[in-house]
Amino acid sequence: MAFYDDSGADSQPFGRPQKPYEGGIVGPRRPRLVTDYGSSLVQWMRTRRPRYKGGHRMETERPSASYIVDMLPPLARIHSPVDTIPVRHLHQSIGKSKKPITVVRWTPEGRRLLTGGHTGEFMLWNGTAFNFETVMDAHYDQLQAGVTSLAWSHSHDWLISGGQKGDIKYWRPNFNNVETIDDAHHDAVRDLAWSPSDTKFLSASDDTTLKIFDFTSRTADTVLTGHNWDVKSCDWHPTKGLLVSGSKDHQVKFWDPRTARCLTTLHSHKNTVTATRFSRVNQNLLATSSRDQTARVFDLRMMRDICILRGHEKPVSSLTWHPIHSSLISTGSEDGSLYHYLLDEPNVPSGQIPTIAPYDSPDPANTPAQVIYPAHRVQYAHSATIWSLDWHPLGHILASGSKDNFTRFWSRARPGETSYMKDRFHIGEEAAEAQGTWSRGFGRRQMREEEEQELQDEAESLVDQRKPTGSVLPGIQIAPPGGTPHNDGLGSQLLPGIGAPQPPPAPSAGIPSSMPQMDPNRLAALLSTQGAPQPNSIPPNTGFPGFPMLPALSGTPPANVDLAELQKQLMSQGIPLPQNFAPQHFSPLPGTGGLPGLQGSNTPDNPYGR
């Protein structure tokens with residue numbers, strides 16, 4: 001992947017220029033770092049070949065900066081997981097609330113990262129520039145606030161979230177909350193998993209139970225009981241009717257979702273099981289992590305552990321599989337360390353004897369599990385517990401959420417880059433400062449700059465949310481003459497009839513809106529003898545104000561009167577016609593009906609029939 005370089009930033013003063021009171025001049029901020037995977041994908045799509053022919057026609061990548069243009073996405077290197085290990089720190093993000101991050105999940109298309117924290121809020125981060133996009137209340141409560149679990153459906157149409165008080169909420173991809181199950185559990189919902197068909201989902205809670213919910217009816221079809229303590233993790237096999245759960249009672253249990261029966265129990269761990277995850281690539285493997293400082297990989301066909309992942313000095317708190325490489329596992333610990341394991345490379349420390357894998361043994365059932373050590377260690381990835389890990393769908397960026405309030409992004413190193421081995425995440429802040437690869441003063445200044453950027457991004461997102469949601473047409477948002485625009489940050493006012501309230505009707509100049517009530521028989525007699533009666537507000541034998549009185553017509557007007565001929569007679573006698581005034585009670589032109597100006601119209605082209 002191609003991205004801007006920020007190496008050497010600690011030794012070169014190219015950060016935010018100092019303010020006047022800091023002894024410097026004011027200038028523009030340094031550009032935000034961007035990770036672009038589009039160019040790598042496009043180049044691979046243009047040069048790829050069938051895998052039996054070598055996969056692609058690009059030149060082999062070498063450790064030189066000139067080969068950055070030849071970087072390939074993980075999908076083009078499925079047989080080389082070592083090239084995908086995320087050893088380089090890309091960016092760190094922190095919310096305005098500065099609270100611990102309990103769960104991180106990439107959106108299905110990979111354009112954004114969704115995080116949930118102790119405040120009960122969802123925070124959305126851009127997946128390319130890593131800037132803040134929006135924040136919203138998700139599981140907020142005055143007594144028990146906090147987002148504890150998130151899960152996207154396989155169809156990418158729904159998101160479910162679990163809260164600290166035991167509630168589960170349904171969300172659309174636009175993060176519109178459409179349903180809430182308030183009494184899903186009696187305690188915090190620690191994990192969620194969808195069935196392969198997306199018709200049901202599984203929840204694990206600290207109330208010692210697991211529940212299978214029907215997504216449509218929002219009711220619990222089955223309650224799985226068998227754990228004796230808090231259930232910390234669960235997962236649903238991607239293709240099989242098989243459930244797995246891990247608990248504080250040190251047990252890993254397999255369940256049949258149809259009969260709610262426990263199939264078997266694994267007792268390999270010696271402390272709380274913190275994560276249980278089926279592999280989406282090799283669906284015969286299950287990975288678990290525990291507070292006993294180890295993680296294990298089980299083979300479902302043998303129903304036993306085949307690998308023990310060692311190396312952590314503190315309890316393992318999180319675990320994730322790579323979405324493309326079946327042999328790459330990443331784990332996070334309570335001391336903030338981030339380790340990456342390759343299942344086909346034991347990486348045994350010097351002085352220790354490597355163990356044989358059960359697959360290579362003539363007696364796999366009785367061969368001890370192979371011990372695997374990390375292929376790479378990021379010892380100081382965070383300063384507190386790493387509670388959640390999640391890979392980008394393309395497999396090139398790993399996101400981590402921690403108790404230290406930070407969300408950090410990690411990726412592979414570029415060709416020829418080795419400076420990352422001396423940064424503060426690998427050797428610590430004191431050692432990095434001693435070697436000159438990190439400056440404590442620059443770190444504080446960079447933190448202030450990032451906080452300012454996040455505040456600015458949040459302010460811009462709030463302005464976007466204040467836009468009117470009614471009927472708005474482009475280019476019709478102006479303030480009326482003499483009026484004052486709404487104070488909505490947009491400085492605009494809708495025109496009447498284009499989404500704004502209609503103006504009051506014009507006055508009727510003293511003409512009553514309706515005639516007084518009269519007996520129909522009497523009205524017919526009056527019309528047949530002396531014409532229509534005058535309104536009370538208009539004296540008889542007088543016209544409307546400003547208009548002359550037309551000569552009275554005796555008798556009843558004929559039904560087929562010619563309006564055009566009548567107009568000619570009035571004009572020949574010198575009687576002026578009032579402008580914009582149509583004589584009432586005139587009969588329509590014969591043989592017309594429809595639209596103005598067309599044959600068969602009931603309405604003439606103008607008020608006088610011309």
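The backbone N, Cα and C atoms fix where each Cβ goes, glycine too.
Residues or ranges marked as region 'Disordered' by Swiss-Prot: 1-29 (among others).
Listed by sequence, the residues of this chain that lie at least six past the ends of the repeat 'WD 1' (96-135) yet keep a Cβ under 8 A from its Cβ atoms are 32-36, 90, 141, 145-152, 156, 159, 161, 163-164, 173, 175, 384, 387-394, 397, 399-407, 409, 453-455, 457-458, 461, 465. Per Swiss-Prot, repeat 'WD 1' is recorded for 96-135.
Summed and averaged per residue, pLDDT over the repeat 'WD 2' (142-182) gives 92. According to Swiss-Prot, the repeat 'WD 2' annotation covers 142-182.
Positions annotated as repeat 'WD 3' by Swiss-Prot: 184-223.
Marked as repeat 'WD 4' by Swiss-Prot: 226-265. For the repeat 'WD 4' (226-265), the residues of the chain that approach it from at least six positions outside its boundaries are 187, 190-196, 200-210, 212, 271-278, 280, 283, 286, 288, 290, 298, 300, 303, judged by C-beta separation under 8 angstroms.
Below 8 angstroms of C-beta separation, residues 232-240, 242, 244-248, 250-252, 314-326, 329, 331, 333-334, 341, 343, 357-359, 364-365, 369-372 of the same chain, each at least six residues beyond the ends of the repeat 'WD 5' (268-308), sit close to that stretch. What Swiss-Prot records for 268-308 is repeat 'WD 5'.
Sequence annotations record features per position, and here Swiss-Prot assigns repeat 'WD 6' to 311-351. Outside the repeat 'WD 6' (311-351) by six or more residues, the chain places 74-75, 78, 81-82, 84-87, 271-272, 274-275, 277, 279-282, 285, 287-295, 297, 370-395, 398, 400, 402, 404, 410 with a CB less than 8 A from a CB of the stretch.
According to Swiss-Prot, the repeat 'WD 7' annotation covers 381-420. Nonlocal intrachain contacts for the repeat 'WD 7' (381-420), taken as residues 6+ away from its ends with a CB within less than 8 angstroms of a stretch CB, comprise 1, 3, 7-8, 35, 37, 41, 61-68, 70-71, 73-75, 83-95, 98-106, 108-110, 113, 115, 117, 125, 127, 130, 317-325, 330-338, 426, 437.
For 480-519 (among others), the entry in Swiss-Prot reads region 'Disordered'.
According to Swiss-Prot, the feature region 'Disordered' maps to 574-610 (among others).
Look at Swiss-Prot and you will find 601-610 tagged as compositional bias 'Polar residues'.
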Can you tell me how the residues of the repeat 'WD 2' (142-182) break down into helix, strand and coil by DSSP?
0 helix, 20 strand, 21 coil
